[in-house]
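According to TrEMBL, the protein carries these features:
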type     : residues : note
TRANSMEM : 33-61    : transmembrane segment
TRANSMEM : 81-101   : transmembrane segment
TRANSMEM : 108-127  : transmembrane segment
TRANSMEM : 133-155  : transmembrane segment
TRANSMEM : 167-188  : transmembrane segment
TRANSMEM : 208-236  : transmembrane segment
TRANSMEM : 257-277  : transmembrane segment
TRANSMEM : 283-304  : transmembrane segment
TRANSMEM : 311-330  : transmembrane segment
TRANSMEM : 376-396  : transmembrane segment
Amino acid sequence: MVTMSVQEKPMLLNGEVDNTKDQPESRLYKRRWIIIFVFSFYLSSNAFQWLSLNIIGDVILTFYNASLPEDELKRDMSLDWLSLIYMLTYVTLIFPSMWFLQKKGLRVSTLCGAFLNAIGAWIKVASVNSDRFGVLMFGQTMCAIAQVFTLSLPARIAAVWFGPNEVSTATAIGIFGIQIGHAMGFVVPPIIVPHSEIIEDIGQNLSTMFYISAGVSTIYFVVLIAAMNLGCSYAISTLLNPIILFYFKSHQKDAGFIGLTIILSGVVGSILSGLWLDRTKTFKGTTIGIYLISCIGMVVYTFILKLHRLWLVYVFAGFLGFFLTGYRPVGFQLAAEVTYPECEGTSSGLLNLAAEIIGIVSTIGMRALMTNVSIFAANATVCAALLVGTVLSAFIRPNYKRQAAGKEMHSKMEVEIAVEIDEKSKLNLDKT
């Protein structure tokens, strides 16, 4: 945590006080880095649960065929809800979770989330039977509820444990875990659970993946017990499998690796944007820049798909991910600035709430467009949404209240230090 202290200043030989070091000092505990990294790794286990099923959507539909509707659209929507449930639970439970965070604090909120995540993972282990899609959905719902307790915490942990010049970087590290989880959710499932026409093989492979996921989630929960003292991208991630398979038949693994490319480039983008904000404090300008480039990247990505050049899809998916996924820490910090003195957890929660609502609408809308019109029309709609977001970002008033409050507090402390030094100087002069 951060604690402020005022130290006595050394006297010079002539009895005057050395004022060259009259600066308030922040005491930062070294274990703050351990805390943010442990928390980041926990978030990765929950983020993995979100996308690990939709990226092998064709396999899930084959295996759970007996417990799914016969209508094709209803079957596809049942699959989509394995992802949408994350967004719906967030929209439903965000305000109770923010109240819980305010009342119980970081430790209890994180432990509750880790516990529910582990429980949900073990429920999915019990769902490996072709007539148990409902059990699978229940386990996924438990994991979705778990994310509500923790998704808003990176900004809050950064504000409590880190200095003013480290907050954006620490937030980016916290979000780093989410993106790593998404990356693993894209690349691991197609490898462990490849497409097969043999139901028994699929069941065995699903069991392997679910046991690994449950074990990792449980380990993170135990580690947290010992260690603890954003919406268009959602729709793209959820529907990446059918989009890639439409243009590139039988490339399930490539769909996963393209998702991995998007997320890993986003990891780099998040870290660099955090470092950039710590140095420049240009929150609004960075927001508009990233939004605009994301829009351009999505336009290029949409047309690249029609060329049927897989290597180009990888390249521009990485470009898109760098900015689209890298926007998260920028959005969190801008929200914290303009909503101060509300706590960072509240602003992050509201930001995620809006993202989840847009994610639900975007996913359902894209699925309807993909089924009834074309995949190109669905991608074009995302481009339009990003363009609207770019324009709306320009109207955000750059009133950085948190920065102003920090400067004001710093100035007051300097005045208090100067008064204290002056009083001590007078006492020393009286003694002489």
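Including glycine, each Cβ sits where the backbone N, Cα and C put it.
Whatever TrEMBL says is automated annotation, not expert-curated.
Since the structure is predicted, the reported quantities are computational estimates derived from the model, not experimental observations.
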Residue numbers, six or more beyond the limits of the transmembrane segment (33-61), whose CB comes under 8 Å of its CB atoms:
68, 75-76, 79-80, 82-83, 86, 110, 113-114, 117, 120-121, 124, 136, 140, 143-144, 146-147, 150-151, 153-154, 157-158, 161-162, 170, 173-182, 184-186, 188-190, 193-196, 202, 209, 213, 216-217, 220-221, 223-224, 227-228, 237-242, 245, 252, 255-256, 259
In contact by Cβ distance (the transmembrane segment (133-155), the transmembrane segment (81-101); 3 or more pairs under 8 Å):
yes
Most Cβ pairs under 8 Å with the transmembrane segment (167-188), selected from 108-127, 283-304, 311-330, 376-396:
311-330
Using a Cβ-Cβ cut-off of under 8 Å, list the residues of the same chain that are 6+ residues beyond the ends of the transmembrane segment (311-330) and lie near it.
154, 168, 171-172, 175, 178-179, 182, 230, 232-233, 236, 244, 247-248, 257-258, 261-270, 272-274, 277, 283, 286-287, 290-291, 293-294, 297-298, 300-301, 304-305
